[in-house]
Amino acid sequence: MAGCVGGAAGVLVGHPLDTIKVVMQTSAKRLSMKSVLADQSVFSLYRGICAPLTGLTAINAVVFGVYGSLIKKMDEPSLLWQASAGCAAGVSQTLISCPIELIKTRAQLRSMPVMTCLRETVRKEGGIRALYRGFGATLARDAPAFAIYFSCYELLFKTSPKSDTPSTLWLLFAGGTAGAVSWLASYPIDVVKSRLQADTTYTSMRQCIQKSLTEEGINVFVRGVTPTLVRAFPTNAATFAVVTWTLWSYEYYYCDGYNAKSGGLFEHGDDAVELAFRYAVDRINADNRVLPHTRLIAQVERLEKCDSFQASKRVCSLLQEGVAAVFGPQSVETSAHVQSTCDVLHMPHMETRWDFKFDPPSNHSINLFPHPIALGNAFRDLIKLKNWKSFAILYEENEGKSLVRVQEILKDPELREKRIVVRQFPGATGEYRTTFKELHKMGIRNIIIDVPRDNIHKVLKHAQQVDMLSDYHNYFFTSLDVHTVDLEDYQYGGTNISGFNLVDETSKEYLEITREWQNSPPRYPNWKTESIEQITKTEVGLVYDAVRLFAKALHDLDQTQAISVRPISCETEEPWLFGNAVTNYMRMINIDGITSHIRFDSSGSRTDFRLRLLELTREGLKHVGDWTPHEKVIFMTNYTKAMTEGYKETLKNKTLTVVTIPGNPYCMEKERKEGEDITEKQYQGYCIDLIDEISKVLGFRYTIKLVEDGVHGRKNARGEWNGMIKELIEGKADIAVADLTITYEREAAVDFTMPFMSLGIGILYKKHKKEPPKLFSFMSPLAMDVWVYLITSFLGVTLFLFFVARFSPYEWVNPHPCVKEPEELKNNFSMKNTLWFTIGCLMQQGCDIMPRSLSTRVLAASWWFFILILVSSYTANLAAFLTVERMVNPIESAEDLSKQTKIPYGCVKSGSTEAFFRNSNFSTYARMWSFMESTRPSVFVESNAKGVERVKKGDYAYLMESTSIEYIVERECDLFQVGALLDSKGYGIATPPDSPYRSIMSDAILKLQEDGKLHMLKERWWSGKGKCGGGKETQKVQGSASELGLANVGGVFVVLAAGSCIAIIICIGEFIWKMKNIPRNERDHICVELLREIKYVICCYGNTRPIRKVHDVDGGAVQPGNGLPFMPLTGYQDMNKDVYS
């Protein structure tokens, strides 16, 4: 639009003079300007104006449009770029200007209307093609003319007095001068163009030049130059002035906007940062949603690096030009001076640098770089999550910046318990190999590196050269620009390389920028376009976000108040009125930028931000998680699965070195068959089969090597390890597969998979020889005191029964039942018969003599009950004695072992069993360790095999893992396990510390366990080749049946004694009752009779006694009897006694 208006103004001013020029150029005779004016009227001077008035508006629209578009490609275009843009603008308008000038020229010469001239030309000269007669001459004229035209104007424009709006007179002067110079330079070719278009007799531009020179001389090419120059000055002065004022009027009146200058201070070497600054300004100007009525202008000043004096001068220069904010510089020294100046003058100072000082931001400083403490917390949280057992911190810079980055790691109490090595790379020579060699000797595989971004590739190269870039090494770089480093050389090596990234490469803004950059990268004069990796640096992204934050603040504040920017002098120190408002508002607002969400805390520091965690995979650096101050490190949902799959791919077809230790049945050398030629030793065993099964699951190859010093692994007083643990730490082996117990001390040095076998510490001891059967072993079921009591009871019961039977009157019976009146009675319980009765009952064979009286029957019943219980107990215990083998064991448990000193006991040295007793606080185990440590000769053995041999010799107990005991007792039938297990633990596969293969090997072990293969392997090597059989039984101390003591059978003795007492009482009662039935005059006193009867019993006068006659009251004799109502002697009174003699 501005070009159209300017073109119209130029035509109205210059057309009369253009008519005079054309007449003079095409006339066959030499005419003067005065003569042409005399022949022409004012109206005739405007003949043919319709064509240029119509065409030149379009021509100028094209010219100024093309020129303006090309100029915007460069923030500060050079003079050459301006000339090139003008040349392109001139070429682009030739297609329009050629036919327009042809019709205008002929209409001016023939004095005919434009449309009539157009119709005749098209009809008579061959159609539309005729309109482009002289096109080559037009192109040859316009290309250099417009290059000179615009470059001259821009040059004069820049030399105007410095102010926001140049004066109109200066615009007229610059435009007129540029037009005159361009016409003067292109006038000869313009003469040729005019002659070709006016005279159809010329066939070509060359023929026209030759004919004109021949007929009219050299002066023909300057004919009409005076009116041309006279016309050129006002025409172009009007054109440029109108175009410029139209643009300004549009901005000021139609858009109601203004220009806001942003000052940038950039040091040499910060080209990418400066590019981001300019590019951000251009994108904001192209975005109508932000500052639609304001145009940002980038005012850039370049500095020498760390030149504080120059920075102070340049910032004052920017403030004098009226900037609304100052961006940069990046170095600490220069930034501090700029910051102090901006504070005094209340000018917003936008910083994007690492500020290792912990001073709070100044009143007018906005630093978008994350606060050092917050960034250090991110590093600390990641290292704690990785759970490295030991790591090194390597740094390069001397100013303390590096240690500030990692100080949160060094201050954390949990991490300080781990082994941390801090080293500085030597000098500024760029030699890193020496430090890596030192770490290699120390066995450090986890490394935190703080070096500048440009040195990361070199650091990794030097680490690779000293074999510090293997699968087991982990590198974390504190640089936030690790994503811009080309790591293709290392992505297939398996090394875990990680780092944080502040630039969000998934944000919409970032994707738009990269797409634009790849399709049409911005071009600025004297600028080399940076690569995508360079423009995605953290400091570049921060500068871009800083410009957007500043623009957002201006946009929001412009809605409520008019922000005016004016030049500020460092000498007067008069502050900017709106500086505080702009600065404070930027600290209040939140925006989403390409460096994640931008938010400031109350002190103005950026402590709330999101970092993207990157890890190197086979596909390059991948985003695997995020860190925020509140949620800490959060891995992506598929991170674990993806990393596991990556480790599996790395492990496939790789050859691992497997270290093991000889020991049955875990690893044994194969016996060579006759005629078999084997150069290398071959091994077999449980561990060999286990690693073979795991290799089939994971797809790797392996080689077996035996541990050099022949021990499992123990840490000495200096903290140094030996055995398999040492070889893993030093990188001599990839995994250790053996009967290696998982302990706390070992777990702190290396990593273990999940246990493939559970076990505990047991006691291996030699069985005592079986005692030969004793001749009187049948007496074993009862204790000797029971046998004594039994014999005593037998004799006692016999005597009691004898006395009671003789005392009881009812046991005296008629020996001859057929004799009615016997002379004597008989007692069957003689001493011999009584012994026979008690023995028969004791042997459970019975007897033909049975008690008759109640007292003897009670006593007999008590004896029978006693015999029933005792014989039943004897029979049951005898069966147990016959089926259970009795063994005499001096120790039954660890407690018994610790309480004696006769039998020595020990374990394998430098093993987990030794460590268990050494570190135990339990009193029994501590006492055992004290005994083992002090016993001489030493009770420790070099291997399990030697320990077993020592046990077989006798009088030695060997402490070892229960699984090994199971294996041994299956094959050594004279050995067994004593007591229960002392602890519970497991065997695991050991890997180097922080090995990436630990988790996938644990998965493989779990799979083998679920498939039952671990059980099959154990059965194959434990029970499958055993010769003792019944391994479970032989492992335990077999118990013997215990003899029955008095405490077990004392109750039956009590019953027997009670029955005896009751029998005596009843017997006495029977006697008294019998005496009561005898008349008083025929007997003595009852007590006398009782004593007489006891005497008779004791004296054993025989088994017969004379019968006592009982007379009735009439003096007649009564029937004799024994007093038993159920055995009367009636019916036998008349029978003679002699019959039965």
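Note that Cβ sites are derived from N, Cα and C of the backbone, with glycine treated the same way.
Sequence annotations record features per position, and here TrEMBL assigns L-glutamate binding site to THR741, ARG746, SER912, THR913, GLU961. In sequence order, HIS712, LEU759, GLY911, SER912, THR913, GLU961, LYS985, GLY986, TYR987 are the residues of the chain that are 6 or more apart from THR741 (L-glutamate binding site) and have a CB within less than 8 Å of its CB.
Sequence annotations record features per position, and here TrEMBL assigns disulfide bond to CYS973-CYS1028. Using a 10 Å Cβ-Cβ cutoff, CYS973 (disulfide bond) registers 13 neighbours.
TrEMBL lists 655-1024 with the feature domain 'Ionotropic glutamate receptor C-terminal'.
Taking the Cβ of ILE891 (site 'Crucial to convey clamshell closure to channel opening') as reference, residues of its chain lying under 8 Å away and at least six apart in sequence are, in sequence order, ILE763, TYR765, LEU897, GLN900, ILE903, ALA957, VAL978, GLY979. Per TrEMBL, site 'Crucial to convey clamshell closure to channel opening' is recorded for ILE891.
According to TrEMBL, the site 'Interaction with the cone snail toxin Con-ikot-ikot' annotation covers ARG918 (among others).
Here TrEMBL flags LYS1007 (among others) as site 'Interaction with the cone snail toxin Con-ikot-ikot'. Residue density at LYS1007 (site 'Interaction with the cone snail toxin Con-ikot-ikot'): 15 other Cβ atoms are found within 10 A of its Cβ, drawing on all protein chains shown.
The annotation transmembrane segment is assigned in TrEMBL to 786-805 (among others).
Annotated transmembrane segment per TrEMBL: 863-884 (among others), in sequence order.
Marked as transmembrane segment by TrEMBL: 1046-1073 (among others).
Within 8 Å of the centroid defined by the CB atoms of THR741, ARG746, SER912, THR913, GLU961, the record's L-glutamate site, lie the Cβ atoms of HIS712, ASP739, LEU740, ILE742, THR743, GLY911, ALA915, PHE916, LYS985, excluding the listed residues themselves. With respect to ARG918 (site 'Interaction with the cone snail toxin Con-ikot-ikot'), the closest of these recorded positions in Cα terms is ARG746, chosen from ARG746, CYS973, LYS1007. On a Cα basis, CYS1028 (disulfide bond) lies 35 Å away from ARG746 (L-glutamate binding site). Cα spacing between CYS973 (disulfide bond) and LYS1007 (site 'Interaction with the cone snail toxin Con-ikot-ikot'): 35 Å, rounded to the nearest whole number. Taking the C-alpha positions, the distance from LYS1007 (site 'Interaction with the cone snail toxin Con-ikot-ikot') to CYS1028 (disulfide bond) comes to 32 Å.
When pLDDT is averaged over the domain 'Ionotropic glutamate receptor C-terminal' (655-1024), the result is 84. For the L-glutamate site listed in the record, the two most distant Cα atoms among THR741, ARG746, SER912, THR913, GLU961 lie 17 Å apart.
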